[in-house]
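Data first, discussion second: the structure below is written as structure tokens.
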Amino acid sequence: MAGKKIMSSFATAEVCDSHASHLANGDLRALEPVFKIYGQCRAFSGPVVTLKVFEDNVLVRDHLETKGEGRVLVIDGGGSMRCALVGGNLGQLAQNNGWAGIVVNGCIRDVDEINGCDIGVRALASHPQKSNKRGVGEKGMPVHVGGTLIYDGEWLYADSDGILVSKNELSL
């Protein structure tokens with residue numbers, strides 16, 4: 001099942017309350033509350049695609065140029081605050097190709113443009129400088145984001161209260 005951009009009956013707080021045993025055994029994890037909310041979709045979910053890069057967004061573009069099919073791109077940018085990994089053009093590309101959302105352990109730019117896109121975006125901050133273009137990084141590997149290890153293929157659920165990652169798709 002593909003991910004969803006907007007779910008009126010979805011709340012991460014309720015998911016935590018109703019899946020306490022999954023939280024206790026680690027099958028469901030809450031990311032640290034360090035992410036700012038961008039994009040028009042306040043709530044989104046979908047299967048995770050992982051990417052590890054550092055101050056280089058060539059692989060980010062490569063991924064967002066593919067069909068998103070409701071997935072969520074989770075980018076471990078090493079928490080860098082020295083440049084942006086996603087900007088307005090990539091936000092529009094993600095929207096046009098059917099990505100449900102993007103979570104960036106790093107910065108974005110073109111905030112007003114991204115806020116106009118019909119996707120959900122979470123990032124640590126905004127930064128006006130663009131990234132390098134070397135094409136260096138790794139895809140499909142476990143990434144450490146928001147204080148937790150996230151695996152390719154897990155499910156991510158985000159709303160205004162926070163971000164959850166589950167080993168499996170949850171029945172909501």
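Sequential numbering from 1, following the chain as shown.
Backbone N, Cα and C atoms are what each Cβ position is placed from, and that goes for glycine too.
Copied over from TrEMBL, here are the features:
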type: BINDING; residues: Gly87, Gly88, Asn89, Leu90, Arg109; note: substrate binding site
type: BINDING; residues: Asp110; note: Mg(2+) binding site
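Each of the binding-site residues Gly87, Asn89, Leu90, Arg109 was scored by the other Cβ atoms within 10 Å of its Cβ; the lowest score goes to Asn89. Largest CA to CA distance in the substrate binding set (Gly87, Gly88, Asn89, Leu90, Arg109): 10 Å, whole number. Taking the mean position of the Cβ atoms of Gly87, Gly88, Asn89, Leu90, Arg109 as the substrate site, the remaining residues of that chain whose Cβ falls within 8 Å of it are Ala84, Val86, Gly91, Gln92, Ile108, Asp110, Glu113, Ile114. For Gly88 (substrate binding site) paired with Asp110 (Mg(2+) binding site), the C-alpha to C-alpha distance reads 5 Å. Counting only same-chain residues at least 6 apart in sequence, those with a Cβ under 8 Å from the Cβ of Asp110 (Mg(2+) binding site) are Ala84, Gly87, Gly88, Asn89, Gly91. Other Cβ atoms within 10 Å of the Cβ of Gly88 (substrate binding site), summed over all protein chains shown, number 17.
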